[in-house]
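One structure below.
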Amino acid sequence: MASCASIDIEDATQHLRDILKLDRPAGGPSAESPRPSSAYNGDLNGLLVPDPLCSGDSTSANKTGLRTMPPINLQEKQVICLSGDDSSTCIGILAKEVEIVASSDSSISSKARGSNKVKIQPVAKYDWEQKYYYGNLIAVSNSFLAYAIRAANNGSAMVRVISVSTSERTLLKGFTGSVADLAFAHLNSPQLACLDEAGNLFVWRLALVNGKIQEEILVHIRQPEGTPLNHFRRIIWCPFIPEESEDCCEESSPTVALLHEDRAEVWDLDMLRSSHSTWPVDVSQIKQGFIVVKGHSTCLSEGALSPDGTVLATASHDGYVKFWQIYIEGQDEPRCLHEWKPHDGRPLSCLLFCDNHKKQDPDVPFWRFLITGADQNRELKMWCTVSWTCLQTIRFSPDIFSSVSVPPSLKVCLDLSAEYLILSDVQRKVLYVMELLQNQEEGHACFSSISEFLLTHPVLSFGIQVVSRCRLRHTEVLPAEEENDSLGADGTHGAGAMESAAGVLIKLFCVHTKALQDVQIRFQPQLNPDVVAPLPTHTAHEDFTFGESRPELGSEGLGSAAHGSQPDLRRIVELPAPADFLSLSSETKPKLMTPDAFMTPSASLQQITASPSSSSSGSSSSSSSSSSSLTAVSAMSSTSAVDPSLTRPPEELTLSPKLQLDGSLTMSSSGSLQASPRGLLPGLLPAPADKLTPKGPGQVPTATSALSLELQEVEPLGLPQASPSRTRSPDVISSASTALSQDIPEIASEALSRGFGSSAPEGLEPDSMASAASALHLLSPRPRPGPELGPQLGLDGGPGDGDRHNTPSLLEAALTQEASTPDSQVWPTAPDITRETCSTLAESPRNGLQEKHKSLAFHRPPYHLLQQRDSQDASAEQSDHDDEVASLASASGGFGTKVPAPRLPAKDWKTKGSPRTSPKLKRKSKKDDGDAAMGSRLTEHQVAEPPEDWPALIWQQQRELAELRHSQEELLQRLCTQLEGLQSTVTGHVERALETRHEQEQRRLERALAEGQQRGGQLQEQLTQQLSQALSSAVAGRLERSIRDEIKKTVPPCVSRSLEPMAGQLSNSVATKLTAVEGSMKENISKLLKSKNLTDAIARAAADTLQGPMQAAYREAFQSVVLPAFEKSCQAMFQQINDSFRLGTQEYLQQLESHMKSRKAREQEAREPVLAQLRGLVSTLQSATEQMAATVAGSVRAEVQHQLHVAVGSLQESILAQVQRIVKGEVSVALKEQQAAVTSSIMQAMRSAAGTPVPSAHLDCQAQQAHILQLLQQGHLNQAFQQALTAADLNLVLYVCETVDPAQVFGQPPCPLSQPVLLSLIQQLASDLGTRTDLKLSYLEEAVMHLDHSDPITRDHMGSVMAQVRQKLFQFLQAEPHNSLGKAARRLSLMLHGLVTPSLP
């Protein structure tokens, strides 16, 4: 491998620019290598689906998508404190160095609820360990979903694959250790790559065949056995760019990069498959098709491949990012093109290139901007790869005021359009979405906003599926399928499009600690009032189609560039050069305040205080006073329509300002402005449409203003009035999005073709028709009286509304049909079940809603919980809700009750005004009854032609109108009376029938419980048969089978649910009683056995019974058997012992005597020669000792004399040098003191002689130190500190603080320092806490404690000084959060807060 040091850096950088085409002008043509219009991102697993709102001509969309943006005044620094609620959405980022402080509600221990803008659908339940995973746990494509798990029995690693469309599942096995990383080639690719901790590579091709998932192994590369496990391994796919002529994009790039601990490997899968046919293959057997890149000192963390596969970018924990030129087919070694440390050598954890792979512009170069992250992405930086300069820095920090401050651990992912960066915190239950803006021409890129969304659990890993533009309803609860229903096949808007706003939809699959979930986030992005144009208004005759105006809507109506084009950044100005967070430039150097500044009242403080962070309470006219800037951030309101009676002027809607630290501390508002929860009710709001338009200068056009624009053209719509609690409650909103809202699209499509009508009828009585109309308002198109029904009901339409009233609504059609029927008999309609049983419908889902969900064209994938699939399938099939109501109403006749009013058959109920009737049945009934309506329309057409006899015709028409009004009033009265009677009768019958049936079932259940749990199944079958027989006699023939099916589906679950608690109670009661009996028996038996009376009685009885026989038996046995035998045995034993002892003693004495004699003889023989030798040795030793003593004495005497001579000489030299040094030091000190004294006397003489005093700033520093030292030695502490503080030199103040101990200064009962000196000392010591922090903090604590609050000067100046000190302490804590002195700094900050708060006005 070529060495990096031997390559010229400039040549390598230029070569890298040539490869990436970074030096090419942005607007220049690129005919040599035109790029296709779409691309893929391997890191994000592929391609996004196109946006339905922005499809069309890409050229026109790009042209209209470019917007003129005003320049942003970027600041140096900004601190954003998130609040944890839904108001933390789209908070503007206005600086190049931004610190984002996490909210306290996002912590795991917080009880805060999740965000209302996030919708969660569980996919699978599994417990993942909460830790930071360097790889991905999940991979997402358009067809499949793959995630890593472990087996429950042996803990082996597996990958679960789920089909998104059919929920079919399969398992992929064969891994060693855990799965380190997995990824699809792109969203439309079926190729899944997995890498385990041992480095084994698996590549499968997935396919759905006959409803089953078939997996085919494409590549399996096996590492040698014994390879150490490492969880830092990563998979990087090469972004695949198909040719423009290709229709299918399911094929993927053959190049993939593997990041190991010490190296990176780039593999060509096509070459591997061509050279090997069987798998697995050991890596040692592969000779071609890969290349190895080495050059980092520690493990690799991230990487990226260029689209052409010739450049590899790697990031490592050693802090380096390196670019390598690679050629797999050739023999050239990888060459390092460029390297640099983006985060000052800290470990890197993120490497993202901001390329728009969703729709790539051929004129835009790749790898123009780069995002890097360090320390688990706690710090993010935006880089320009042309100049290698940092454009923006984002830092994430924990809440410093929280009791447990856990540093963030962020997982980041960039969407394919490079417009949104999504982050999840492993240590917090939160998701962040940051908006990214780019300007290729100017070379600028930055993050423009951040949004916070709270979750219920932390996200460990996630995969992005869709990031697209959408239309947000005013309730913000409808899912994407129903929002997309507002666009028909011909491009026609639905009814909900007029009440929508531009928004962003993000679909994710997230791995939480407890489950895998499908997460959808909808929010309104940050809008610029100068850029966003209002939605185009339409007259009553216009058809709501897009047609040629669709590109304009995508670029202007949505407030963003069309999909596929790079976002325009003309409003971004030149970003300044990066600077340290706490560095002080020449303009921002703090001015040190002398004690004289605190001797004046507060009026003069404005002329002295120049620090930008200090706040003054004086007059605003002073030019030198600076007040903290206040930035109020509020969420954009997305409520429905505003009641004109409840609207407020703009000046009344105020927000409490938040403190902004260090330039622009942006606080997100804890709440959002809520509009009136009322809907627009016809008749209740007769005000004209122009009063509904909110007024006020500079108002941002939100969803409310967009709706107001619509209300200027359209009369108030007929909507049911919503209660305030239902409007505000997130639970009600969530339930509404999954229940009632899914029935609207089919019916709303009919209402769309009719146009918008005028105000609702005012002549209707609210008590009689409000219930029926409210039910029809929920599920039918907006009712408006037609030209035929208007005269009958006595309604006066507004001017110009006649051409919009040609088509009647469902309620009007029913009333017209009844009014035009020749038969005089009036039949009542079905009761308003939606009004009476709303609580029941809200708690238990009805059958009609579930069947209508299945009929929708757009629906979410039918995910099922893996552990609850069988239980959920049991209740999947149910019948229509109207059939259930009809069956209950008909069955009431079989229990002995009578209905006084005649009833319609069930068929007529479904065709004459039931609010649950499907649109198909309504259309069928309209077709059958169309003769009367057609006749009335023909009559109107004829009337429209001017006849000759106008007066007669007018008189005849007036008479007919009067008759029609009279007949209509009578009809309405009869209809209301019969409706009320029928509702009360049916309600009473149903209640009595349910009570009777409940009593019978209760008795049967009690008998069943008495017989036992084993006969439960048989009893359920008998109850089902009895119920079927009882109901079949009272129900009509057409409803018999539906009722039987309903009973089979409803009664057994109810019986089983009723049996289970009763059986549980019975078993619990029996077990409780048995436990009590057992405990009492044990207690009684133990007491009985432990009773002394019982024991004594048993002992006495046994003793009395056994005493006599036992004594006689023992006595006889002992005397006859034991004694004789024992005497004989003892006698024989003693005799044997005596004989043996006597013989042994004699033999021992004989042997001892012989041995002693022989031993004595041998010792005498050996002693004689030893004695002779000892005598000779003693004489020899004496002579040698005498000679040695004489020799040693002479040598010792000579050596002692020599050593004494040497030691005395060296001692003289050392004593001389020491005396010289001491004398020299003492003389120098004395001379310095003399010089200081002389200088002081000279200066005093000069001051007394001169007319003006000499400024102390001109004194020499050494002279000042000498004078201060003299004052300290004399005990004048106040004068010494005052002279040092007056010099305005922080080094001189530190010299005094180091010289004098704090205990010596503040230990005296009256503090020797005056109050101005104390205030000046506090201000100067707090100006810079970066050096000698321990000394400064100790003096600051003592000085703050000795401030006199009763002193007027101290009370006047203490507020501003303490505020400045608190700000400096906050900056110190932010800059050095892990400093050992952080605890003392926090304690001092809390002390200052307690001192300042009571004194503030």
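Yeah, the Cβs are placed from backbone N, Cα and C, and that goes for glycine too.
Quick look at what Swiss-Prot lists:
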MOD_RES   Ala2  N-acetylalanine
MOD_RES   Ser3  phosphoserine
MOD_RES   Lys125  N6-acetyllysine
MOD_RES   Ser565  phosphoserine
MOD_RES   Ser583  phosphoserine
MOD_RES   Ser585  phosphoserine
MOD_RES   Thr693  phosphothreonine
MOD_RES   Ser723  phosphoserine
MOD_RES   Ser741  phosphoserine
MOD_RES   Ser879  phosphoserine
MOD_RES   Ser887  phosphoserine
MOD_RES   Ser967  phosphoserine
REPEAT    167-206  repeat 'WD 2'
REPEAT    287-326  repeat 'WD 4'
REPEAT    335-385  repeat 'WD 5'
Alpha-carbon spacing, the residue listed as 'N6-acetyllysine' to Ser967 (phosphoserine), which is rounded to whole Å: 63
All-chain count of other Cβ atoms within 10 Å of Ser967 (phosphoserine): 12
Lys125 (N6-acetyllysine) CB neighbourhood, other CB atoms within 10 A: 14
DSSP-derived helix, strand and coil totals, residue by residue, for the repeat 'WD 2' (167-206): 0 helix, 22 strand, 18 coil
Within the repeat 'WD 4' (287-326), residues counted as helix, strand or coil by DSSP: 0 helix, 21 strand, 19 coil
For the repeat 'WD 2' (167-206), mean pLDDT (0 to 100): 95
